[in-house]
Structures are given as structure tokens and as C-alpha cells.
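> I have a structure here, written as C-alpha cells, and I will follow up with some questions on it.
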Amino acid sequence: MVRAVVCDLDGTVYLGGTPIPGSPEAIARLREGGVRVLFVSNNPTRTASDYADRLSGMSIPTRPDDVLTSGGVTARWLAAEHPDARVYVIGEQSLVGELLAAGVRLASDDDAPDADIVLAAFDRTFTYTKWERAHQALLRGALFVATNPDAACPVDGGGTIPDCAGVTAGLTATTGRALDVVVGKPSAIMAAAILGVTGTRASETLAVGDRVATDVELATANGFAGALVLSGVTTAEQAAALPDDVAVLGSLADLPAHLGLAQAAV
């Protein structure tokens, strides 16, 4: 029995700033049926509070503790697993704020080459100077960590922009260093964080989203049930290659019926 649904956001609940038809009603029905709904995003540039506000504005009442982001999970993981490490961050100010709030020690620009950890993230303020500082730290043996594995990030109005994998690929190319740890979906770190919030077993948890490499893989790699929606980036032809135990749905609106819950009245 599914007791918790781990729900992707862009391409699953909404596209850009617009809810996908039926998604608010589907989430309401899941909640009415006693299913814990947890929203999970690999975007480290927005906080859980940011997403809670955005979803609530789409008639999906959401609290910050209904949301996990790769940035927030990374901050808590670093604080727990590497409490004394000095971390050099390639990332935006929102991520820096989450790291500081979690008690992570950040390396200054001057101390960056001697950092214990290089943390790479989606960063629209990425510069050659940041690249060079991280490059030097990695050559000196720093642990190489990424918030998420995504190559591109969808943007409002359609299309994509480069994401974290572009940053890490550049560092790998110049240093020969492969990533040591990736925190976001579909990692075991993210799966453990999810179960810590939902209080469910993996077998009682379903992950739903529009991307095979992150959302479906989160399910298959960590023992969750899985569902792919065709409202985002994956086509029906691509979905045909998925294992039989991964449900393929037109959109999130179809999930309550898939779980044996009638759709909420509109």
C-alpha cells in the first residue's frame, strides 16, 4: 500500500508558472485519502519556503516541511557528515544561505584552494574565477560534491538553461576528477532524506515525475514504486522502454485512480 507520494515539480505539478490541469485536484485527493505528499526538487536555487509559497499560490496548500530541495538536503548532509570541513561553494546566494543556516563552514575566496570540499551547484553567477578556485582545491584533494546531476534546467516560457552537470563536467575536464558524491535525485542520500520526512518504508513510497534519469531512477534505485507522467520532457515512445513495474500516466491527474482513489470533485 502506498502511504507517501514523492512528487516532482516542474513538468509534473506545473509547467513554468501554470499548474498542469488536474494536478491541484489530484494532490488534494491524495491528501484526503491519507497519503503523505512530499514535493522534491533538484533545483538548489530555491528554498523549501520558496516552493511552498509558489505551490500555495497555485491552490495547492503547502508548508515548507512538505518540500525537500537538493540544496537543503545537501546543507544538512554536509553538516551531519562533514561538520568540520571547509566547503568552497559554486552556487547562488540562496544555497549559501542554506549552508550557513545549517552550520556548514564555508571557505573564503582566499582560502578556496585549501578547501576540504568543493560543492558544485546550478549557478547562474558562475565565473572563470570560481572555476579556477575550485580547480585548485580539487587538484589538492578536496572531496568533489554536487547538489544534483541535472544537465539542463527548464525555464518559464519553454526551453532550458545549463544546470549543475555543466559545471561539474568543466571541473572534471580540467582536473581529471570524477564526482565523489551527488546528493539530489536519484541518490541514496536523497532517498534517505525523503523517508526521514515521510516516516514510511521504501515499499510504501511512490516517486512520480516526468524525467527518467532522476524521478524514475529515484524509484528503481531505492526500492520505491515509480510512476512517470507524460506532461513534461519524456515522450510516450521513450516511456515504452521502461520496466513494466513503472506506471506511465498521462499526467498527475491520473495518479489517484492508479492508486485506487477516486478523483476529488472539482
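Glycine is treated like the rest: Cβ placed from N, Cα and C.
A TrEMBL annotation is a machine prediction, not a hand-curated record.
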> Check TrEMBL for me: it has ASP8, ASP10 binding Mg(2+), so pick out which one of ASP210, ASP244, ASP245 it puts in that same site.
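It is ASP210, as the record lists it for that site.
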> Does anything in the same chain, at least 6 positions from ASP210 (Mg(2+) binding site), have a Cβ under 8 Å from its Cβ, and if so what?
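Sequence-distant Cβ neighbours: ASP8, GLY11, THR12, LEU228, VAL229, LEU230, SER231, GLY232, VAL233, THR234.
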